[in-house]
Amino acid sequence: MASGTAGRARRRVRVVHPAAARTRSAEDWWWDRLAPSGSGYHLLQSDSMLLVLPGPGPARPRAQRRAARRAQRLRSPGSRAAEAKPRTAPAPTPLQEPDPGWGDRVPLEILLQIFGLLVAADGPIPFLGRAARVCRRWNEAASQPALWHTLTLSPPLAGRPAKSGAKAEKKLLSSLEWLMPNRFSQLQRLTLIHWKSQLHSVLKLVSESCPRLSFLKLSDCHGVTPDALIMLAKACPQLHSLDIQHSMVESTAVVSFLEEAGPRMQKLWLTYNSQTTAILGALLGSCCPQLQVLEVSTGLNHNITPLQLPVEALQKGCPQLQVLRLLNLMWLPKPSGRAMTPGPGFPSLEELCLASSTCNFVSNEVLGRLLHGSPHLRLLDLRGCARITPAGLHDLPCQELEQLHLGLYGMSDRLTLAKEGSPLLTQKWCHSLRELDLSGQGFSEKDLEQALAAFSGTPGGSHLALCSLNLRGTRVTPGTVSSVISSCPGLRYLNLESCRCLPRGLKRAYRGPEEVQWPAGVIRARDAPKGRFSGLPTTSSGKPFQLWAQGLFCTERSLARRLKNNSFYPFMQQQPNVFVLEYYLDTLWKGTLLFIVCILLISFGLVSEVQKQETWGFPAYGVGVGLWLMISSLPRRRLVLNHARGVYHFSIQGRTVCQGPMHLVYVRLALNSDAYRRCFFQLVLCGHKLEPLVLVQLSERYEQMEYLGRYIARKLNINYFDCLATSYRHVVRHWPLGTTFSPGIVLRKTGAYGGNPQWDPDV
């Protein structure tokens with residue numbers, strides 16, 4: 001019995017390799033060097049970090065303790081007799097609590113800083129709610145009121161019947177009675193959406209528990225009373241911004257609020273209705289001298305009543321105004337009169353927006369009254385203001401304008417527009433303009449060419465700042481577009497939709513630096529001088545009358561060289577996500593060669609030598625076949641892969657043969673074998689009703705052929721199929737509509753045995 005026990009011990013010893021023990025001991029030595037046992041620190045390793053934490057280390061796992069005991073038995077000398085002795089039961093060890101994890105040992109101050117960065121980037125919801133359920137330490141950190149500085153409250157079941165909505169508001173209100181003093185005591189920005197019946201109670205809770213509130217937004221709310229707003233203004237001394245757009249608020253409540261909190265108000269958003277006149281009257285009465293942002297817009301129901309706003313009175317009542325937006329309003333400024341003195345202006349105004357979808361009454365005279373004292377204007381939005389002329393804009397005192405929007409959307413056909421004057425705008429602000437919108441304007445071709453020529457350079461040689469240019473519906477010419485693109489390297493947006501003087505392929509919007517450069521390349525290629533074979537159509541490589549697949553040089557090395565010169569070979573990228581291939585069949589040169597050889601045989605009299613054998617018909621038959629091959633191969637083939645629309649188009653001499661979805665076009669590796677069972681591979685571009693185009697002839701190098709095929713399919717964004725019908729090497733990028741997998745794709749089982757297995761396509 002003892003010998004059997006010793007044998008099992010020996011066998012057990014052989015299982016543990018000495019190298020594993022040496023590796024583990026070296027790791028322990030390294031950890032001991034970083035955090036010695038008596039230093040009061042320990043190391044904790046996670047997925048992507050190594051933490052040095054104070055205090056004793058966590059208990060080692062059971063597997064590590066077992067490996068340490070085995071290594072100790074290997075190091076201690078012993079005999080077979082000693083191994084045969086029965087082992088005594090180990091002394092009972094006190095039970096240790098499971099390791100709570102490194103999250104509980106991170107100091108609370110560090111957690112607050114980390115959470116603060118995340119909240120500043122994405123807001124407190126839903127991150128803080130999820131972090132509070134991780135552990136107790138995270139719950140404590142997420143419950144700090146300092147993190148809950150921005151909040152949006154909307155009762156559930158919004159849009160349901162009135163009874164359900166009122167019940168949901170009462171349920172949420174009961175929760176807010178505890179959350180407001182315990183979590184939201186340091187709230188700074190509050191947004192209330194879809195509150196109908198309990199809005200007064202919510203505002204009362206906010207006034208009692210949130211003294212640091214500085215911004216309040218009421219969107220689609222009803223039942224705002226003057227008492228609630230006055231109570232809020234008195235209880236929140238830092239409240240300086242109020243947004244009541246798209247809410248039903250009585251004008252008396254807003255006027256009472258402005259009278260109480262007017263001296264500290266900085267931002268105000270209003271919706272124009274019949275009661276807005278009283279609110280604007282309070283502003284004209286200098287109740288908000290520190291107001292910096294004022295926005296008045298129409299609601300969902302368009303109000304056709306014109307808004308009469310005296311410009312000079314507004315300048316006196318709000319002298320610190322920086323942003324003025326009168327959006328989609330029919331604004332009717334009061335006439336100045338002969339004896340009226342000009343107002344003080346807006347010395348700090350940086351943004352003026354008078355955009356409207358309908359024709360308004362803003363003219364050069366009104367714009368001059370608004371901006372005669374605003375030298376620091378940065379943004380001027382006059383979309384829809386058809387009465388503004390370039391001469392009136394040129395007289396403005398601002399010299400550093402960055403954004404100018406003069407687009408006319410849907411109204412240029414009914415107006416008489418100016419055809420000259422655009423150079424006055426660009427010559428004055430070409431050094432500072434970042435966005436320019438001239439869509440729908442009626443400037444002539446020469447006028448636009450002179451205007452955009454101002455961006456060709458600056459006197460100081462500095463880089464131009466133009467990033468966005470909207471020329472939709474204008475008469476800009478291809479040469480002007482090409483010069484603007486080459487002169488403005490920082491251009492990121494270019495809109496050329498509905499430009500009558502441009503070819504069809506260019507009339508669209510371009511976004512991003514790569515797309516913006518494409519119109520210039522197309523225009524240069526269109527205007528480039530053509531060679532003496534200009535009458536013949538060119539192929540994708542740009543050489544005139546190039547034949548497809550001559551067969552003598554279709555090797556993988558030749559294909560790799562061509563891909564190095566053109567990564568989209570055999571196609572050319574005409575536009576982003578649009579590839580074009582123009583070619584002729586290889587039977588053209590084969591028929592030509594056969595025709596020439598047969599003509600030479602007939603012309604040199606070689607037929608006369610075989611007249612007795614009656615074989616003169618073979619050269620004549622070759623002439624006919626060669627001529628037929630030449631004539632049938634002369635029509636040019638054109639294949640277009642349009643990923644923007646998700647279709648391909650194949651035509652012969654301009655006549656459409658077929659078109660369909662992108663999953664019908666693919667690159668395939670074909671397999672052939674000889675009599676000796678040697679395998680040869682071909683790389684072929686195939687498709688539904690397409691003539692197979694051989695990219696590489698027979699080759700025995702499977703790995704190189706597969707790499708080239710995958711590379712071409714990835715560049716052209718089409719499918720790739722291996723030589724086998726069922727293979728893991730297929731790459732499927734486009735699937736038929738309404739299907740998730742194909743029978744040719746091998747499916748791999750990812751779920752566990754039993755139950756409902758999950759199948760994923762392995763392509």
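Just so you know, glycine gets a Cβ as well, placed from its N, Cα and C.
TrEMBL does not curate its annotations; it predicts them automatically.
According to TrEMBL, the protein has these features:
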REGION    54-100  region 'Disordered'
COMPBIAS  62-73  compositional bias 'Basic residues'
DOMAIN    105-153  domain 'F-box'
TRANSMEM  588-606  transmembrane segment
TRANSMEM  618-635  transmembrane segment
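Panel annotation: around the transmembrane segment (618-635), residues 584-585, 587-588, 590-599, 601-602, 606-607, 652-653 of the same chain, lying at least six beyond its termini, place a Cβ under 8 Å from a Cβ of the stretch.
Residue counts for the domain 'F-box' (105-153) under DSSP (helix as H, G, I; strand as E, B; rest coil) come to 30 helix, 4 strand, 15 coil.
Taking the domain 'F-box' (105-153) as a whole, pLDDT averages 85 in the prediction.
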